[in-house]
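The structure under discussion appears below in the form of structure tokens.
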Amino acid sequence: MMLGFFCLNFVIYFFLTWFPSYLKDARGLDLAQLGTLGTLPGITAIAGGWIAGVVADRRIRAGADVTRVRKTVMVGGLLGGAAIVFAAPAKSVYVALLFLAISYASLAIAATGIWSLPGDVAPSSRHVASIGGIQNFASNIAGIISPYVFGLLLDMYDGSYLPSFAVAGVVAVIGALTYALVVGKAEPLPVRDS
């Protein structure tokens, strides 16, 4: 869970830290355009997260397997988050924004499952906050590392965002594989006697 959430936030922190610079430096947008076009990925992320949460809750209430619902949302969302790789080579700023909107919305979709998982796997309600805190610790490490990595890659590759976006896409896929293959069932963990 920690590695998966790390991977999610690694990509999300691009949007929180480098996205405006990308639009200005690589795509030539001015401040007014940043204030309008630059909001599109964020708006799609809000909508994607909200819709995914509602749909997942309805599916579970209707009797769908919790593990299947959570993994579909997390794995599918992280794979969609890898769409960031197609933004850098896009010829048009609008096509780049489309891929960035798909990426950010997909990451928000994955986040709905990721944030629900501690409540699913906690042995009791007393453990939910601890599990969530441990998971969130790893995600915040990504928040520290990711902006530095993006900046380092920009310096190494003369301001090209292509390597940064490629790394972000690979990290998103690693996160998807983590939730698909490493994280077990979304059911309460056994309590160990101490």
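For all residues, glycine too, the Cβ spot is worked out from N, Cα and C.
Quick look at what TrEMBL annotates:
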- 1-187: domain 'Major facilitator superfamily (MFS) profile' (DOMAIN)
- 5-23: transmembrane segment (TRANSMEM)
- 35-56: transmembrane segment (TRANSMEM)
- 68-88: transmembrane segment (TRANSMEM)
- 94-117: transmembrane segment (TRANSMEM)
- 137-154: transmembrane segment (TRANSMEM)
- 160-182: transmembrane segment (TRANSMEM)
- Take every residue in the domain 'Major facilitator superfamily (MFS) profile' (1-187), average their pLDDT values, and give the whole-number result. 97
- Sequence-remote contacts (6 or more beyond its ends) of the transmembrane segment (94-117), Cβ cut-off under 8 Å? 1, 4-5, 8, 11-12, 15, 19, 27, 37, 40-42, 44-49, 51-53, 56, 69-84, 86-88, 132, 135, 172, 175, 179, 183, 186
- Look over the recorded stretches 5-23, 68-88, 160-182 and say which has the most C-beta pairs under 8 A to the transmembrane segment (137-154). 5-23
- Is the transmembrane segment (68-88) packed against any residues at least 6 beyond its ends, judged by a Cβ distance under 8 Å, and which are they? 4, 7-8, 11, 14, 26, 52, 56, 59-60, 96-97, 99-100, 102-114, 116-117, 120, 160-162, 164-166, 168-170, 172-173, 175-176, 179-180, 183, 186
